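Here is the structure we will look at.
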Amino acid sequence: MERRAKVNSSNISKIYHGNLVTDDAFLRQDVESLLATSSGQKALDYAIQAAELYMRAAAEKGIGKDEAARRRRKCQQLIALAEQLKHQLAAPSASPPAEGFSILRGASRLHGSYYPPWGEDPSDAQFQLGADQNPFVDDTVFPLSETQIANFSAWRRPHELFGPFSDGQDDILMNQGTRFDLAQDITTDCSVVASLSAAAGIWTGKHAVLSKIMHPFDHGRGQPKLSPSGKYIFRLNFNGCARRVVIDDRLPSSGTDRALFVINRHNPRLIWPALLEKAYLKVRGGYDFPGSNSGTDLWVLTGWIPEQIFLQREDFDIDEAWDRIKTAYDMGNVVITLGTGHVSTEEEDIMGLVGEHDYAVQDLDPSGRKFLVKNPWSHGQTWTGQGWSAIHGSVRAKLDSSSSEASDEDAESPSAGTLWLAIEDIAQHFESMYLNWNPALFSHRQERHFAWDIPTKDFAASLVRNPQFSIISPTGGVIWILLSRHFADAELEIARNKSGSLAAVASQLGFMSILVFDHQGQRVQLSDGPTYSGPYVDSPQTLARIESRADKAYTVVIDQQALPLPNYTFSLFIFSNGPVHVKEAEEKMTYFTEHSGSWNRRTAGGNSSCTTYFLNPQYKLSVPRATPISTLLSTGNRDVHVHVDLIWARGKRANTVKAKDLVVSSGEYRRGCAIAELAMLEAGDYTLVCSTFEAQQMADFILRIGSMTPITLEPIPADTAGKLRTPISPFTLGGEGQSWRAPISASWVTRAFVSIRSLAPLSETLYHDTRSLPAVMVRISIMDGPESEPRILAESKGGLEDSGAIIRTPEFDIAPTSPSHGPRYLIIESLWEHRAIQELCGDIFSDSPIQIGDWGV
């Protein structure tokens, strides 16, 4: 067997620049190995040296055209990597602000364990046996599901599971080999196994992700080491940063022929996937983990940026998606997994498709735009090969989980449970495609960590309590914005206590989204008019990809629906290939005043066309100096459409609103919240009316007014507040000239007013435009003195009123009746012809009791 000389970082340049290289295949591997385990300037130097070596190798005589082309492609990839590394070295520091560190520290405890932010890589000494020679024991409890418990035997270490070992046990247990065919049995984490399978190409080789996340690791051989103490430390990416996760090597062994951890069908003794799975499941709460999605899993396992594509959306572009994915996949810069939603029984039986299940993509074929899709199950539903529009190749028979290592000649054939599927079939039968992108595609990275107290329901329809950020790129270009919600103990309890489908469980954890506005980086209050509106996802991560213009400030808003916990912590990551300035968005206004109110049976007056509009809550707005103003009306009942009017009424109650009296309004009635804004409001007293579209819709609300100078807001009491109500008996009003009158009297001087309204059906008087009611024009008068010389004490405004509205008189004073003074009458008269006889009724509101006699003609 050929022995290779050990080459280290100190003699690479000597060997190369001294022209000692003849057959430099080993040397190229050494440089690439050092590149994979280096960072900063060293990584850049190794990338340049490796590119030069491949360039020389491509020009060697005696090699075939295919091999020369391969070496040239490799050279180009290394040159591109060197350019990325050069940009990263030039990028400014993106350390989180001081308040971000406290968020990260607070998110370090999860499910009873402590996961500190990653520091230095552990030394080999940390994995040696202690003085007592006892192996390391992690006291974390890993819960099992009921099915797992039924098959569980004991927690056993590798030598108890697979031993005894002969020489070379590291290779047996840790070498990925040429065939990497992972399978899930009765574990509940199909997404994790799909993730481990799909990422087969990045664990080792060019990206060597495993070398960065698993310790101890043999960098010379490019594989994990066996830990003498059974202790392993993983660098996993969650809750805002890379974190230290410590486990021991005990795995759940089965008392049956079923497996309780992930296995490699071609080498069941390969344990690093099972150890990585155990580390991840420790973070997620145990082996009974109710499930996730592969995008989230790979974000935690690798730190590669997750993107979820909803294949059933109308705007999904198959051509654009294929071109973007294929280019990145060829460069090894994306990992692809697929997820199904609800699957019909027919699809399960005919096609072998499993509902709410994740699949790995192991290869792409440009001929017919096909994906090699792998089902990670080792038992249960498998591909049938039927029902698909185009099948490429054949479905491999399922291999037994206890089979030995694959032969070399079988190394390039598809693994068990795989099927070539056209992208059209995937778009039709799968729900989501998860793409995890290499973060090295971007030279700049910013991050912000923040806490969010979820808004009370009164503000839920607006964005005023949502986290908002200003983002500016001096050079413009593509910016990726990733929102990551931190894992929390309470979320796991919610998931465990819910039954039903995985989608039903996930929906109990709520939804979140990213909105982007062209708003000069200032805070926004409503969700209207975003330049980008992301889907509301039940995943802990969501990605927005935007094309920014140079020096243009955008407002990025975090939104949610039905997140169940009162508060959360989040991280926002911004990826770009140029500098990006990120800060919290600022308010447009300096001063804010908030007031809580409600629409109840007495105050829910409806829109301005309703006869009861004047009953709505009204406020006196006092403005000492001219100022821009913003008035937000928000309610917790999203089924209620609301509106706000600012009226010229000197701070007094408004019975109606006419166009000439209107200063500004919120426009059309809007579900849940509405806003009225004015560039400049002159000093003075105004009346503000809050209304719902329909009368008698009851809800609480919050009124929030922003301005550049302090203002005051006071509720205006209802006209009837503190007054006695004396009902007026119903009467019928006929044609032109008909009138009714009734005597009224008081025991002492009192102040009063009269209100008359139609007795048309409630659905007409309260819910419809008054123009739909019969047009009866009436006048209300209070007559005093003898009939020969009557005196009018009060008369309804304008003399004539449409009986489809509430008709009122001004306030008047009424004194006790005396023989010399004569009687006083309330007179109702019809002045115009009407299309229908209409019944009317009303009230007299007064400071003291008033008596009303019978109606007469």
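Each Cβ is built from the backbone N, Cα and C atoms, and glycine gets one as well.
TrEMBL does not curate its annotations; it predicts them automatically.
Feature annotation from TrEMBL assigns domain 'Calpain catalytic' to 155-439.
Reduced to three states, the DSSP call for CYS190 (active site) is helix. Long-range Cβ neighbours of CYS190 (active site) (same chain, at least 6 residues apart, Cβ-Cβ under 8 Å): GLN184, GLY291, HIS357, ASP358, PRO376, TRP377. Per TrEMBL, the feature active site maps to CYS190 (among others).
Secondary structure from DSSP puts HIS357 (active site) in coil. Its Cβ taken as reference, HIS357 (active site) is surrounded by 23 other Cβ atoms within 10 Å in the chains shown. TrEMBL lists HIS357 (among others) with the feature active site.
What TrEMBL records for ASN375 (among others) is active site. The number of other CB atoms found within 10 A of the CB of ASN375 (active site), across every protein chain shown, is 27.
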**Fill in**
Per DSSP (three-state), ASN375 (active site) is coil
